[in-house]
Amino acid sequence: MFTGSIVAIVTPMDEKGNVCRASLKKLIDYHVASGTSAIVSVGTTGESATLNHDEHADVVMMTLELADGRIPVIAGTGANATAEAISLTQRFNDSGIVGCLTVTPYYNRPSQEGLYQHFKAIAEHTDLPQILYNVPSRTGCDLLPETVGRLAKVKNIIGIKEATGNLTRVNQIKELVSDDFVLLSGDDASALDFMQLGGHGVISVTANVAARDMAQMCKLAAEGHFAEARVINQRLMPLHNKLFVEPNPIPVKWACKELGLVATDTLRLPMTPITDSGRETVRAALKHAGLL
């Protein structure tokens with residue numbers, strides 16, 4: 001369940017900015033039918049930054065309910081205060097989620113020792129499997145391989161989403177962790193190369209709109225059929241890149257609407273609607289991928 005194509009799912013909203021249950025069900029059904037390995041609910045792409053904690057928990061629980069055991073659900077539970085992250089994580093004890101994706105603290109930029117103590121404290125307050133999430137371009141701090149190696153010794157820290165796009169990290173981390181520690185890419189554009197170096201899969205934005213292709217690409221890569229996987233990846237490459245032509249999740253939410261997967265592309269401020277130029281750029285990438 002922690003391998004292959006795991007979607008960082010968008011949080012669909014109605015025109016008033018309320019979570020749209022019907023669209024969420026449609027998305028989940030789409031991922032079940034497409035072979036997506038698991039769903040990350042309320043991560044960065046799911047607009048965790050603009051949901052309060054009650055809404056955050058409600059969306060995760062709604063996702064679990066609608067998934068109905070058909071696909072594993074992982075909850076995004078990070079915060080930049082350790083006590084807050086512990087509290088949010090503990091909301092999902094015994095809920096049915098299979099694990100938590102926990103981002104490094106953002107804005108306050110802790111030291112490596114601070115990062116170690118932060119993640120260790122969270123893990124010690126829950127039995128839920130913990131996946132570390134390193135995305136320094138967003139958080140302002142970088143979880144270094146040596147710290148990952150230390151954290152991998154904590155019993156329920158089972159993997160990392162490594163979203164630097166720096167492929168040297170794969171081998172650096174592999175040298176410091178056990179073979180069963182899960183290495184997931186957080187960068188669609190380099191995910192196939194990441195897997196070829198020994199990674200286990202990707203937590204994907206692209207999978208929101210190209211779920212079947214991403215699942216197939218990861219399956220081929222896991223089986224060692226990298227030439228075939230690369231054919232799919234080359235077709236998706238403009239999409240990997242152009243889904244970030246404007247801040248995530250603006251482009252991917254619009255793309256979901258364009259493909260009829262959600263009813264609206266409504267976002268909450270400070271996220272704003274996609275621009276005309278962004279729309280045309282993403283539409284061209286969808287066509288290149290064979291999705292339009």
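Placement of Cβ uses the backbone N, Cα and C atoms for every residue, glycine included.
Taken from Swiss-Prot, the feature active site, proton donor/acceptor covers Tyr133, and the record attributes it to sequence analysis. Secondary structure from DSSP puts Tyr133 (active site, proton donor/acceptor) in a beta strand.
There are 26 other CB atoms within 10 A of the CB of Lys161 (active site, schiff-base intermediate with substrate), with all protein chains counted. The active site, schiff-base intermediate with substrate annotation in Swiss-Prot covers Lys161.
Sequence-distant neighbours of Thr45 (pyruvate binding site) (same chain, six or more apart, CB under 8 Å from its CB) are Ala8, Ile9, Val10, Val205, Asn208, Asn248, Pro249, Val252, listed in sequence order. Secondary structure from DSSP puts Thr45 (pyruvate binding site) in coil. The pyruvate binding site annotation in Swiss-Prot covers Thr45, Ile203.
Of all Cβ atoms in the protein chains displayed, 23 besides its own lie within 10 Å of the Cβ of Thr44 (site 'Part of a proton relay during catalysis'). Per Swiss-Prot, the feature site 'Part of a proton relay during catalysis' maps to Thr44 (among others); the stated evidence is sequence analysis.
According to Swiss-Prot, the site 'Part of a proton relay during catalysis' annotation covers Tyr107 (among others), on the basis of sequence analysis. For Tyr107 (site 'Part of a proton relay during catalysis'), the number of other Cβ atoms no farther than 10 Å from its own Cβ, over all displayed protein chains, is 8. In the three-state DSSP classification, Tyr107 (site 'Part of a proton relay during catalysis') falls within coil.
Listed in sequence order, Gly43, Gly78, Leu101, Thr102, Val103, Thr104, Ile160, Lys161, Ala163, Gly186 are the same-chain residues six or more apart from Tyr133 (active site, proton donor/acceptor) with CB atoms under 8 A from its CB.
With a cut-off of 8 Å between CB atoms and residues at least 6 apart in sequence, the same chain places Ile6, Val7, Ala8, Val40, Gly43, Leu101, Lys161, Leu184, Ser185, Gly186 near Ile203 (pyruvate binding site), listed in sequence order.
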